[in-house]
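The feature region 'Disordered' is assigned by Swiss-Prot to 1-24, 173-208, 224-252, 269-288. Taken from Swiss-Prot, the feature compositional bias 'Basic and acidic residues' applies to 1-11, 224-242. Annotated motif 'D-box' per Swiss-Prot: 14-22, in sequence order. Residues or ranges marked as zinc finger in Swiss-Prot (evidence: sequence analysis): 41-69. The coiled coil annotation in Swiss-Prot covers 673-737. What Swiss-Prot records for 898-1010 is domain 'VRR-NUC'. Sequence annotations record features per position, and here Swiss-Prot assigns Mn(2+) 1 binding site to 963, 978, 979 based on similarity to another entry.
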């Protein structure tokens, strides 16, 4: 276009906008309205300089003399009046906003702060520098001198949205507590910081009505009884009933208010689940100091229990609350209370300290706060992980001095060096061309940063690239083709892998000129020319990378229980920290109690990390269909495991509870062997698969929850593939006698035994079926409907054609078999329906049992600040450790009327909405009203029965629940439906759940969908 080819100075002037008679008489086409060229330069709204139109944003971010005013808004205490004793408390909003639902994705609103707080609290309104009228000046010399903060270009709106939060943190931490609380001194241990800051609580409630626990708040502690209750709720005082919280006797829900509810028949099930501002203050400070390294190193006592020791500031903080109960000693030997919300890691970057020598990029506390705020999200997350390790003495013992020196060198890197290393660390461990590195937010020229990382031992450059396979992988396909032409390779136009194979074949050939011993070989010539073609390249050094990978593995240890990919070193945990940092993820509030040491020494952790990486490689090979590679990896892992079976550390692992034993090397190698069975079956190597299964079943220490699947696969291989009928029958008998064989696998073994017993070929083995335990499952109601099947090619779920809309405007839509069934039941009078399978019931169970799931007093089930469930949720110890509380709650649910069920679900929903929990899917229901309608239709007996089965054996019972839940909102009639499409049948777990639900009194049925042709709709 002409506007693009001409410079702004050469463009024609703006057309006249005059509405004179002459102009009106002219008739123009519509294109004339788009020919007015914009001005070449615009006046900056801040400094009033004439700036090129295309450089206005860059000028505002980098060059404008007054942009510091908008970036870093300094609110003086005298101006704000937040903590001034002259401000009357009657003008402040009073009362906690307890009924406000926390919003997971809602950041603090600037308009709310400006309107509500500016008038009452005297806070200067935070206005973007682009719209500050106070800065308008016609004389450039009149502009005040402002400090200019150089910020990397990025999302401008994201920078603006964080400015008020950063200014507020700076006020609260650096100015507010020091200037407005002068009475507090180390000589007065009975006075806390909160006694002199009564206004902060009301200020906090106004600023963060929906997530008030996320901001540092100071609640007044004038009433002795109130402060005592708050301290007891947070387990801070030395109360005798709470000192054994990590021992066996004390079992309390996460809130003290729940303790009296468990054994009472009161209609209030979950009362005041959200912590008060005073509670949150102590919880949040505990978590912040533990998570980012402000606390002193953790001490491991003789009973191997982790103790959190607060620094002087923290002791002053809790001294006023502890005074009401007696002496000022605060017993934190049993547990440390963590408030897991998104603000903790968000504030972590501003309080990170570098406990290292001079020369580090983090100079001191004041410099650290300013520097960390400028760090990008990925570096802040990485530093949070490092500080969590440095603050835990038990974890620090798992690294030797050389590895600690690597951490020290990382802190000594410049800010750009740290950023680049974290970026490269998160990428795949392979060689990277320097020309492919583009991180403008780090530096426009990365060469000095790369040299710094190389000198510090974190990077390798092309001088150390000596493997031909690595350099060939580094080249692109066109570069490989060009290189192939120079060596006259046949078919240089092939695929990249074919060219790589051709080069490897050429490199193995012997040189024709055998008399020249000093002449380089063919491999060396290929390597040199390939490196010249690739140019400068680099790779992260394996040694330091392995150290940081182990740190991440320790930090994300609890995630690897279900997430197969978490075995790759905890890379995904950085994403979790990032989401928490951005306020997009919030975890429940629970108490961390680390009593048992999992890894005895450094070598134990290294062995576990090696096994975890092997499991990750095997899983990746299986996912890509490389079964031969997976088989070789599994055989290599088996050899390593055979050498470790006599190691003395295994005896220590055997004594661990199952929910901690899963973090041992033996457990990982057992999972690898279980994967090897699937690989061998895929390759039709059934003899080897049977031997592997027999080895797995010969031990009962590792992976006991998988024994049902192992017995089932062994019986299938012996019966179907190897035709060893007698061995198959004996296998079934032993499997049915195994107490670890549960639910679906138990029924599957029994059904196979029945088929074998009725088979004519097994008549001579009838004596083996004597005393076979019977597994009885009753049948339920079945209905059949028809649906027009949409023609499709390939495998996959069936797609049906369904009529939608009213009679006047009918439409044809494509739907799944479950959606087709929902339409059928909608026509049958059920106006509400959900296709959620097990998530529907687990969400209701999680809401009704929330405080018991996250209750205090059970050691080692919560070990870090990023857990969505206790570690023992998938084991039998979950119900056993909480039996008294669960039995009382289940009886309460069983006899509760519909109004109480609705109220309990509503209270838990409003108090916990958005927090990440394994059982709860917040998007399963369209609203709280829909969830309340469903619980009132299901009733107490059905809900208590479902909750009991899920709590007793969540691992084996979470699957198999009905697909649909439909109900009539007027008659409160509810139906649970399992939908089966063409050529689909019920699984064993589904049969058991339907039978159990029917026994509980629920209306259940199986809806079979029979397909008919769709040619009448013209879709053939």
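Positions of Cβ are set from backbone N, Cα and C atoms, glycine also.
Annotation for residue 978 (Mn(2+) 1 binding site): same-chain Cβ neighbours under 8 Å, separated by at least 6 residues, are 962, 963, 964, 986, 990, 994, 1004, 1005, 1006, 1007. For residue 979 (Mn(2+) 1 binding site), the number of other Cβ atoms no farther than 10 Å from its own Cβ, over all displayed protein chains, is 22. Apart from 963, 978, 979, the residues listed for Mn(2+) 1, the same chain places the Cβ atoms of 818, 821, 837, 962, 964, 977, 980, 1006, 1007 within 8 Å of the centroid of those Cβ atoms. Residue environment of residue 963 (Mn(2+) 1 binding site) contains 22 other Cβ atoms, counted within 10 Å of its Cβ in all protein chains. For the domain 'VRR-NUC' (898-1010), DSSP puts the residue distribution at 55 helix, 19 strand, 39 coil. Summarising model confidence by region, the zinc finger (41-69) averages a pLDDT of 71.
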